[in-house]
């Protein structure tokens, strides 16, 4: 067996991020990206791989209500509850213009095909048209009696018409040249939700919540047809001729019955509350295509869950149909030929915009290429690990899915078990995407499920009814079309409060349960006989797991600790402390020698069991981390929580070690180059290498050496000329540190003088953070100046003393002699003033001094020159 490689670091890759929280969105003209409203921000989403290209932060509490793109995708227009209309440049993602428009929130906006005009519809019942370049209002229309919900320019630039739909169930047609309303279309009985114009430009289609589509003749503005759809409509779009969809519909229409009149057909798509896509023919007023099933379809009239579509857009360049669901999913449909139906809409991509909260997740399959995620929905989302797009959805539960677990059956099929708030457990075959078993009997929500580790022939479930059930998988076929009722082999009333977690031992002999009653219990399988009760936590237990190699269990609790217990006697072996809030998950790594934990503090921690130490701490979540999934093969892991973000973590210990070794090797080579440059007296090159290697001590030695040279100032200037702004900033940091120490301040001031001589003040001010650095330099520089000033004044006293002792000879320079004469006159005057008071003492001292001078040894010393 190979030795264990202890993991020291993990690299985080944010794989699933929220980008759409409902509300407005705008699709680019080529379908390459989508601008989505996400709270108070705008996310620019790459529609091919769900990656976020840009994040545009809008003011807090802006509450985005409308988005629009110009025809060339150069500008993005946004509006919200703040009543400000903003124009964003998509090349720099900066706001280039903003103005206040309506007296209430802007509910919808549309850009003219020329890109020069922007129309906005407001909750203040007004319709305004703005000049995009100037930001001023060109048209002011008033007439609606309720909130204006939708607005649209006529797609033909030669027709100066503007259409607005309102909650007063009317559509108004505005003439931009005449600046007045030329028609009011009254045929709906509820709020307007969507409008579209036919390809020839002479038919207006309107849809509303009154479950009908009206077709209006734009010659005389009369309703020429009303098509009942029998569902509340939220989106309507016209199919253009020449597209793949139009050709399929044309072939279907040739085989259909007789038309109502001889008018040409207008094909249009409708979506609404039923959650299905339907395609209609205006000539015969019937549906040519209707989706038979959809995972967002409402199952019954009494189903009041979040289902159905909110919008539909036909993507350009035959890229298919985009539908947006109530629960913030972007569904991309493409056409596929079908022998029975001529064609069929196939869901080829699903982008999940917002999950609110991730409750549990597990890797799926032998190769672990998929990730099953339980969110606050009644469906389980399965993501492809490569693209992190939602591959498919497992629908069947009627309430929120609280927990899940995965395994690979003895026949090699990947299985999935889920527990829900609807008091049931379900068994899924992820290959066929069907539910193959349903287990009922719990009297409360099922909060924990766990598969057998060895035999793969049973799983256990724990519920808020405080019971544990063992479900047998015998007799279940992986290819079953209809789910069968699962049978419970054993049941036990396990705890006094809700059961939060279950874990099965590697040999399938034991199962451990963790509960809110602050205890963990170990039970013998398959008859669920109590083995030992683990007591010691002060709060409820959120997670339990068996060690893969030792006879022990770890438990994570709400008391901020993780404990390791011996199964034999139930004693606590170790306690791990470090989290600042409840620990929600803990799972083993590295054959049981390490484990990873996550908690309500948003932290992910890596622990080493032997040393009881936290090896690493990661803060990549903004909310509680509820879910933790460990990969069995690669030991990568995934975390998710209340911030709706899924992070993938990869072991980077080996790569970090290689990178550190490479940097060390490169540092040794560069260090040798530095020493060679110093020996060759190539100070410019040496200073550059010292900057690269971040060696401030060596840099100080180089500058100090240059200070002692006569031509040092010129070489310092040459070296400073080569430095960039970042290196200048780094140099200022070094100088600030040197300047605080009296022994090093002379070199610091010398370098500072060189920098100020070379760089003009304007360039210095452009350096990032220069203000803070100068604030640190100024006080110490003033202190050094005052100290040197005191030293300079002290030298005058020394000069006077040496002159008085006749130790130094006067300078021959006339100016200096003049200064010396003035100084002597000044001193003689001072002596005359002091002479009368101390006459006797001075005489005695004079005699004694003369005697001392005669016998003094230093009288023969030659005078010292001032120059020396």
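Using the three backbone atoms N, Cα and C, a Cβ is placed for every residue, glycine included.
The repeat 'WD' annotation in TrEMBL covers 64-98 (among others). For the repeat 'WD' (64-98), the predicted model reports an average pLDDT of 92.
Across the repeat 'WD' (99-133), DSSP assigns 0 helix, 20 strand, 15 coil. Residues annotated as repeat 'WD' in TrEMBL: 99-133 (among others).
Among residues of the same chain six or more beyond the repeat 'WD' (141-184), those with a C-beta under 8 A of the stretch's C-beta atoms are 107-114, 117, 119-123, 125-129, 190-197, 201, 204, 206, 208, 210, 216, 218, 221. Positions annotated as repeat 'WD' by TrEMBL: 141-184 (among others).
For the repeat 'WD' (185-218), the number of residues in each DSSP class (helix H, G, I; strand E, B; coil) is 0 helix, 20 strand, 14 coil. What TrEMBL lists as repeat 'WD' is 185-218 (among others).
Taken from TrEMBL, the feature repeat 'WD' covers 394-438 (among others).
Among the features that TrEMBL reports, repeat 'WD' is placed at 439-474 (among others). Same-chain residues lying 6 or more positions outside the repeat 'WD' (439-474) and placing a CB less than 8 Å from one of its CB atoms are 399, 402-410, 415, 417-427, 485-508, 511, 513, 515, 523, 525-526, 528.
For the repeat 'WD' (492-525), same-chain residues at least 6 beyond its ends with a Cβ under 8 Å from one of its own Cβ atoms are 444, 447-455, 460-464, 466-468, 470, 531-535, 537-546, 548, 553, 555, 557, 565, 567, 570. According to TrEMBL, the feature repeat 'WD' maps to 492-525 (among others).
Within its own chain, the repeat 'WD' (534-575) is flanked in space by residues 497, 500-506, 510, 512-522, 581-588, 591-592, 595, 597, 599, 607, 609, 612, which lie at least six positions past its ends and keep a Cβ under 8 Å from the stretch. Feature annotation from TrEMBL assigns repeat 'WD' to 534-575 (among others).
The repeat 'WD' annotation in TrEMBL covers 576-617 (among others).
Residues annotated as repeat 'WD' in TrEMBL: 618-649 (among others).
When the domain 'U3 small nucleolar RNA-associated protein 13 C-terminal' (672-805) is classified with DSSP, helix, strand and coil residues number 111 helix, 0 strand, 23 coil. Residues or ranges marked as domain 'U3 small nucleolar RNA-associated protein 13 C-terminal' by TrEMBL: 672-805.
If you look up TrEMBL, you'll see 813-868 marked as region 'Disordered'.
Remote same-chain residues near the repeat 'WD' (576-617) are listed as 4-10, 539, 542-543, 545, 547-550, 554-564, 623-628, 630, 635, 637, 639, 641, 643, 649 (criterion: CB distance under 8 Å, separation of at least six residues from the stretch ends).
Helix first, then strand, then coil: DSSP counts for the repeat 'WD' (394-438) stand at 0 helix, 28 strand, 17 coil. Long-range neighbours of the repeat 'WD' (618-649) within the same chain, counting only residues 6 or more positions beyond its ends whose Cβ lies under 8 Å from a Cβ of the stretch, are 7, 10-18, 354-363, 367-368, 371, 373-375, 383, 385, 388, 584-590, 596, 598-600, 602-606.
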